[in-house]
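Participant: My questions all concern the structure below.
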Amino acid sequence: MPSIRKYRRDTTEVSCCLKYVIFGVNVLFWFLGLIVLAVGVWAWTEKDTFNNLSRLTNIALDPAFILICVGTITFIIGFTGCVGALRENTCLLACYAVFLALLLLAEMTAGILFFVFKDWIKQQATSGFQTFITHYREDPDQQNLIDWIQEDWLQCCGVEGPRDWDRNAYFNCSSGAVGSREACGVPFSCCRNKPQDIIRNKQCGYDVRKPTYSFDIAKIIYDKGCLEAAEEWFDRNLLIVATSAVCTAFAQILGICFAQNLRADIFAQKAKWH
């Protein structure tokens, strides 16, 4: 009876599957980070921020700056993982694993601090949103962000209610004396959408906070503040948020393990050659 010879992959051989899984996933993150970074830089250029450094007083609240930070971090992690796997560079793979570990640690720390200092974070979020309202007409990025939060995401108006728009110079009720047509009103994003409206009415919030306003305000604008609406949204979607956080952490742990296994294969192969 002829003998059957069994072939086994050399344990010192670099796994092509592992190598190209890391490469394929991270090349997507690399391009995604590049796109987000480019959008953030473009937004700063459009606002002429680079030539007007006085705008940097509220840099932490600038959506363009946040995009630049997120894009830079994503680009660096994607670059180290993509190039490290493709070139079988153990140094880049080590950096990739370290970056993922630090990011995972930061996310876990942020999650713990969120529940421990929930009231403090709520105060900071309230203060930040109030600052957005104050500078609503000064920064188009902040304006678009507020409009998206109020109209599309939470269906709310102001931080605690429509009266918060008194913080803005254009919507303050005393602004009528200086000729502001928006005085004692709210932005159009506070208005309730009507299915029959084909064109968005940008003037729907005019005069709604005046004592002499003759229509039912509750039918025209949202009377709930965004802080309360955000808490209700979080309570409704707690399971989804928790599941997403767990899946993200699991993916990062897998990335760290894959990178370490690939490094071990590369080291073993180099040891065999020598």
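The backbone N, Cα and C atoms fix where each Cβ goes, and this holds for glycine too.
A TrEMBL annotation is a machine prediction, not a hand-curated record.
The following feature annotations were taken from TrEMBL:
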- CYS156-CYS184: disulfide bond (DISULFID)
- CYS157-CYS173: disulfide bond (DISULFID)
- 20-44: transmembrane segment (TRANSMEM)
- 64-86: transmembrane segment (TRANSMEM)
- 93-117: transmembrane segment (TRANSMEM)
Participant: Could you give the residue numbers and ranges of same-chain residues that sit at least 6 residues beyond the transmembrane segment (20-44) on either side and whose C-beta is under 8 angstroms from one of its C-beta atoms?
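Facilitator: Sequence-remote neighbours of the transmembrane segment (20-44) are 50, 63-82, 84-86, 96, 141, 255, 258-259, 262.
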Participant: If you count Cβ atoms within 10 Å of the Cβ of CYS157 (disulfide bond), leaving out that atom itself, what do you get?
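Facilitator: Step by step: centre on the Cβ of CYS157 (disulfide bond), count other Cβ atoms within 10 Å, giving 28.
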Participant: Sort out for me which one of CYS156, CYS173, CYS184 has the most neighbouring CB atoms within 10 A, since those are the disulfide-bonded residues we care about.
Facilitator: CYS156
Participant: Which whole-number value in Å describes the distance between the Cα atoms of CYS184 (disulfide bond) and CYS157 (disulfide bond)?
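Facilitator: Here the two Cα atoms lie 14 Å apart.
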Participant: Measuring Cα to Cα, how many angstrom lie between CYS156 (disulfide bond) and CYS173 (disulfide bond)?
Facilitator: 20
